[in-house]
C-alpha cells in the first residue's frame, strides 16, 4: 500500500508551531510521510491563526490556494485546523464546502483519524521540528485565564492549563537528544505556570531543572505583568545558561486605558515591576509589545505612552494598531479613530523606539558577546545574541574570514558597529566547552 503523504502549512505563532510539530510526529509514527512540496502530497493540512485580522486573511488566502490545488488534481484532500475553525467553523463550512474537514485547537486525535492514523498518548513528548535544529520552543501551558478585553485567545484556546512539570522535562530531554541547544519557553502566559495545579508558581522550579540539563540558552517569552514570580529574575541573574532576556507585553501605560483593557495592573504597578526586575538583574534586556489606538485613546493618553517608552528604554519593542476582534469584549466599544490615525501613532511610537534601540545597541560596540549562528552565506554569518529571540528580534551580521563555522554553533563575537536592529562585527572564536550553568 502506498505511503500517505502530507503537506502541513503552519501559520501564526510559535504555539501553533509546537502543535504542528506534535501532529507531524504522530503522523510519522503512523507511516504518514511529511513532504515539503505541495505537488508531492496527497493531503494539505493548514494550521491557521486568527489572532489579528491580517492573520485571518492570510489563513483564508492559504485555504483558497489549497482548494485550487485540489481542483487541479494536485492533492486529494484539504484539511484545516487551529484557531480559525475554533472561532468560525460553521461559517467556514458554509463558505468553503470543498474543504474536507475543519478541526479546532484541541482535536489532534480527530485530525489523525481523518488521516487514517491513531493518536498515541505515549508519543505526546515527540515532535518533528519545524525550526532549525539548534533551537526549539517548549510550550509550558495551554489556554489563558486573563480577561483582556481586546483579546479572543481565551475563547480560542480555553482555560489556562499548566503542563505537568515532569512531562515538560521529558519533552525537553527529547529535544536535547535531537540536538536542540536553545530552548524558548512559551505559553499564552508564562507567569501563571503552576498556579492552576499547585496553587503557586512553578516557573522558577522549572527553570532551575531545565538549567541543570545544560542547554546553552534558555529564554522566557510571553510573561504577564501580574503574578510574575520575581525569583525567576534572580535565577536568570545567577544561571549563565538562562538568557538575560524577558518578553513581557505591557500593551499600554495609561491607567484609564489599562482599566478598559481589563489588564489588572496600573502604571505605577508596572513601573515598580520593571524597576525591581532591573534592580535584581542589571543585565536583563526587556522586550515588550504595545497596542495603540484602543477605543477612546486620546492624543494626550498616547503621548503619555510615548513618554513612558522613552523613559523605560525597552531593548526591544513591537507595536500594533488596535482593531476590533469579533469575539473580544472590546468589540462592543465605539472605535472612533481612523485606521490612518492608528497607523500614524504606530509609526510615531516606532520612530521613538528606533532612537532608543540605536542608543542601547551602541553600548555593545567594542565588546565581545556570545552569539549563535542561524545561517551564513559566503563570508557573512547571520547570528543572534542571548538578547534576541528567533524570528522577532535583532540580528548580528558578522564576518568570519577563513574560519570554518557551522549553523547552530555558538561563538564569541567582537562588535564594532551597530544600528537600531543590527549589530555588526566579526566572529572571534568558538564558544569554549564546559561552561557551567551554575
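Cβ coordinates are placed from backbone N, Cα and C, and glycine is handled just like the others.
Here Swiss-Prot flags 4-120 as domain 'MTTase N-terminal', drawing on sequence analysis. Look at Swiss-Prot and you will find 13, 49, 83 tagged as [4Fe-4S] cluster 1 binding site. Feature annotation from Swiss-Prot assigns domain 'Radical SAM core' to 130-359; the stated evidence is sequence analysis. Annotated [4Fe-4S] cluster 2 binding site per Swiss-Prot: 144, 148, 151, in sequence order, evidence recorded as sequence analysis. Summarising the annotation, Swiss-Prot assigns domain 'TRAM' to 362-429.
Here the Cβ of residue 13 ([4Fe-4S] cluster 1 binding site) has 19 other Cβ atoms within 10 Å, regardless of which shown protein chain they belong to. In the three-state DSSP assignment, the secondary structure recorded for residue 83 ([4Fe-4S] cluster 1 binding site) is helix. Within the same chain, residues at least six positions away from residue 151 ([4Fe-4S] cluster 2 binding site) with a Cβ under 8 Å of its Cβ are 144, 325, 328. For the pair formed by residue 13 ([4Fe-4S] cluster 1 binding site) and residue 148 ([4Fe-4S] cluster 2 binding site), distance between Cα atoms is given as 19 Å, rounded to the nearest Å. Within the same chain, residues at least 6 positions away in sequence whose Cβ sits under 8 Å from that of residue 49 ([4Fe-4S] cluster 1 binding site) are 11, 12, 13, 16, 55, 56, 58, 59, 82, 83, 84. Sequence-ordered, the extra residues of this chain that approach the [4Fe-4S] cluster 2 site, with Cβ no more than 8 Å from the Cβ center of 144, 148, 151, are 146, 147, 150, 152, 153, 154, 188. Confidence for the domain 'MTTase N-terminal' (4-120), expressed as mean pLDDT, is 94. Between the candidate binding-site residues, 83, 144, 148, the densest Cβ environment within 10 Å is the one around 83. For the recorded [4Fe-4S] cluster 1 site, residues 13, 49, 83 set the reference point as the centre of their Cβ atoms, and the other residues of that chain within 8 Å of it by Cβ are 11, 12, 15, 16, 48, 50, 51, 55, 82. Mapped onto three states, the DSSP output places residue 49 ([4Fe-4S] cluster 1 binding site) in coil.
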